[in-house]
Amino acid sequence: MTVQRILIVSGTHGNEINPVWAVKQFSRKENSLNNGIEYEYIIGNPAAYEKGCRYIDVDLNRSFKESGNFDQHKNSFYETNRANFLVDEFGIDGSKPCQIAIDLHTTTANMGTSIVMYGRRSKDFCLAALLQNKFGLPIYLHEKDKAQTGFLVEAWPCGLVIEIGAVAQNFYDQNIVNRFSLIIGSLREEIDKLKNKLVELPKELVVHVHQGSIDYPRDEKGDIDGIIHPARINQDWKMIKKGDPLFLDSQGIIHKYERDKLIWPVFIGEVAYKEKKIAMSYTKKEVICSKKQWVQEFESF
């Protein structure tokens, strides 16, 4: 394995402050060099972080497009230019090339500590399987959603998002900080084991595969006219079947799930997703057998 540099990003969203604090604490205690691998710690969106807002112009975590967006002279959005900088500086062909990117996020939803993957890349599966095996973390596999693209970790050959919640925006929570520190340290340990060919993958891993998103009930003007049903609050990762309540509207009417297919919801009531017209996303559960190819591709870096 020839991984030489790994990028750890916090503050991709400026009002998610706990990952920034965790990295600050962690980097003071731990050397940036770890058995020949250098770790780069960076705030993804420093301007938004300074202002305590999610972003300045557009969502940075939707700004890493595959084509046409990496010309700084063609776009005046702060986040697009910031994405350009991060790729130019730390991308695989950048001045400080990183082979892996880990993006740290918090959520207002009760997601616990979870892993988010984008697509079915072997190297991503390898890291995710090791973390799930160690901590039992749920994995949200996001793929094939044309409405949501341009995620940061997709711009690197390997990358995972670590998502921890629930915690309010711009609110420090030491328990959340401690969880991030634990995950960062464990990632470094697992990557070191991979480098020295000391890992054994679990036989399988369980993933929750993105299927779509559900908007809030809306009135004739398009305004939100319903809230998350009390029975659904804090029930991320819990199965929903036909007839289960989803929303309670302003007239007291319960909006139920009407499909026959079982689903598992994630990001229930995430505050930042209201602007995206998402009350929750939903998934199907899938068991995936581990493959030797995952480790082999890591070794081929």
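Even glycines carry a Cβ here, placed using N, Cα and C.
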Report the candidate from ARG54, ARG259 that shares the substrate site with ASN61, ARG62, GLU163, TYR273, as recorded in Swiss-Prot.
-> ARG54
Relative to the Cα of ARG54 (substrate binding site), which of the binding-site residues HIS13, GLU16, HIS105 have a Cα no more than 10 Å away?
-> HIS13, GLU16
When you measure from the Cβ of HIS105 (Zn(2+) binding site), how many other Cβ atoms are you left with inside 10 Å?
-> 25
Of the binding-site residues listed (GLU16, GLU163), the greatest number of other CB atoms within 10 A surrounds the CB of GLU16
Most Cβ neighbours within 10 Å, among the binding-site residues HIS13, ARG54, ARG62, goes to HIS13
